[in-house]
Amino acid sequence: MEGKMSWTVSDAVDYKGFPADKSKTGGWLPATLILGIEISERLSTMGIAVNLVTYLTGTMHLPSSTSANIVTDFMGTSFLLCLLGGFLADSFLGRYKTIVIFALIQTLGTAALATSTKLPQLRPPPCDAAGCEQATGFQMGILYLALYLIALGTGGLKSSVSGFGSDQFDDKDEKEKAQMAYFFQRFFFFISLGTLMAVTVLVYIQDEVGRSWAYGICSVSMLITIIVLLAGTRKYRYKKSMGSPIVHIFQVVVASFRKRKMSAPFNIALLYEDTPEASRIAHTEQFGFLDKAAIVAEGDFEMSGSAAPNPWKLCSVTKVEEVKMMIKLLPIWATTILFWTTYAQMITFSVEQAATMQRNLGKFQIPAGSLTVFFVAAILLTLAVYDRLIMPLWKKWKGQPGFTSLQRIAIGLFLSTLGMAAAALFEMKRLSVAKAAGGGANARNLPISVFILIPQFLLVGSGEAFIYTGQLDFFITQSPKGMKTMSTGLFLTTLSLGFFVSSFLVSVVKKVTATGDSQGWLADDINDGRLDWFYGLLTILGVVNFAAYLVCTKWCKPKKPKQALQMSSINGNGTAGTNGFDNC
């Protein structure tokens, strides 16, 4: 019997609902099938995002700032919907069904986008001597429908793909635990690989063959990877749903608010605790008002058909401490949002800059959207240098396997600020050339090489390599074990809010700087505006944000787990342990 049990995973089941057999389920093969979905998702989302602004300005005839905001709102919504996808996966569907359903939704969205770019009735006529006619409300409505179907699909996929992939490894098995760490390293590599294919092959097809063909390829590739994913159904390990962490957080908040007038006991042993000893988290003094959720009061156990307490009235100390741990992540969360605002410029205004410059490489003309290949190349190169050079040297010097998560985030913020400073300087040069060339067609093909924009792509790309891995590491390792999905969603909301902050800044700057005879910094045509001043503003904000981040790291510095504290519950005495992760 013991031999049989050693071949099963305690917290996972197979497709029939039986304990998962290690010899028949999980491991690298199923995890690789899952990674295929991530490549297709990146191919679709990034292939659309990096070149969408040129379609909106050149084909739909929308103003520059409006086009940039449409792109950033689309990307922001994609990441924000990860919270919805995570909630559905944790509470109702499970990760496998969530991936399949939302992958089909994204396929439908890319097919709709391919149709909207193919039919002439769904776009305005080309510009003529009389001017350019903007897209109608109906035409934009169809485009929005397609984009937000894709955003919905992306949100559901990204919330579950990494988690479902890690489910294929048993973290209680040392060998499989090491494989899981390797899986997470390769997960970001596959994201970058999908993005690289998007900004090179897919963007080229959009510009030289046709957008409908490119988006059709996205639909076909996603369908193929869905079929591949379904083919591995018998091989996957499935984790049982533990309920949504969001609900648990609300339960603690509601319970503490209901008992706001009660005083917490002097002896913390009187607070309610029903969590198994091995999983308990020691009580802390911070955010003491939340402790009131664990005060036992009359009526807390009135729940029909169960001896357990009403979770909206009484929560265990461990659940309260989990919420406290999530709150402690918020300062770092808030100060990393601006990086993704900077990132948003790389797929909007930087692409518009490139569209006005000479992009010839011999007889071949580089698509404006494909310039982001330097951005992706910087990510891959930085990861390789960090993995093969920096980590070994740092281990010899400091005795640690690389930078800490907070150090990596700091490097990413610093590099992105330098990137915006470089962007401001090079935009000043581009504008001077545009002014000398005059208006009209001359301003569409300026006598200045597009390659002067490379430094801003390289700096921000290297910054993403550090900050993405740093954020993912920080939010996973510093969160409670039962809230890993929630903490990953919290990390992804920094991307979402970064794009929304970009849209907000663009709208505010356009309104504040526009005068009666001028469109301000962000004119409909970037050659008539002062995009360099906008980049300068982002540089200043980056410096202020970096200083705020350094202050936050002093308050939220990872600490070693404390020794277990003696605590008794109303059901009996026991030792309250830690959850096995460093607390912030």
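The backbone N, Cα and C atoms fix where each Cβ goes, glycine too.
Please treat TrEMBL annotations as automatic predictions, because they have not gone through curation.
Look at TrEMBL and you will find 74-92, 99-117, 137-157, 187-206, 212-232, 329-346, 366-386, 406-426, 446-468, 489-509, 533-552 tagged as transmembrane segment.
Of the ranges 99-117, 137-157, 366-386, 533-552, the one with the most Cβ pairs under 8 Å to the transmembrane segment (187-206) is 366-386. In summary, the transmembrane segment (74-92) lies against the transmembrane segment (137-157): three or more C-beta pairs, each 6 or more positions apart in sequence, are under 8 Å. Here the transmembrane segment (99-117) has long-range neighbours at 34, 37, 40-41, 44, 48, 55, 59, 85, 93, 123, 139, 142-143, 145-157, 160-161, 164, 210-216, 218-219, 222-223, 225-226, 229-230, meaning same-chain residues at least 6 beyond its ends whose C-beta is under 8 angstroms from one of its own.
With a threshold of 8 Å between CB atoms, the same-chain residues lying at least 6 positions outside the transmembrane segment (533-552) that come near it are 331-332, 334-336, 338, 341-342, 345, 349, 409-410, 413-414, 416-417, 420-421, 423-424, 427, 505-506, 509, 521-522. Among 329-346, 366-386, 406-426, 446-468, 329-346 has the largest number of CB pairs under 8 A with the transmembrane segment (489-509). Beyond the transmembrane segment (137-157), the same-chain residues lying 6 or more positions past its ends with a Cβ under 8 Å from any Cβ of the stretch are 37-38, 41, 44-45, 48, 60, 70, 74, 77-85, 88-89, 98-99, 101-110, 112-113, 115-116, 122-124.
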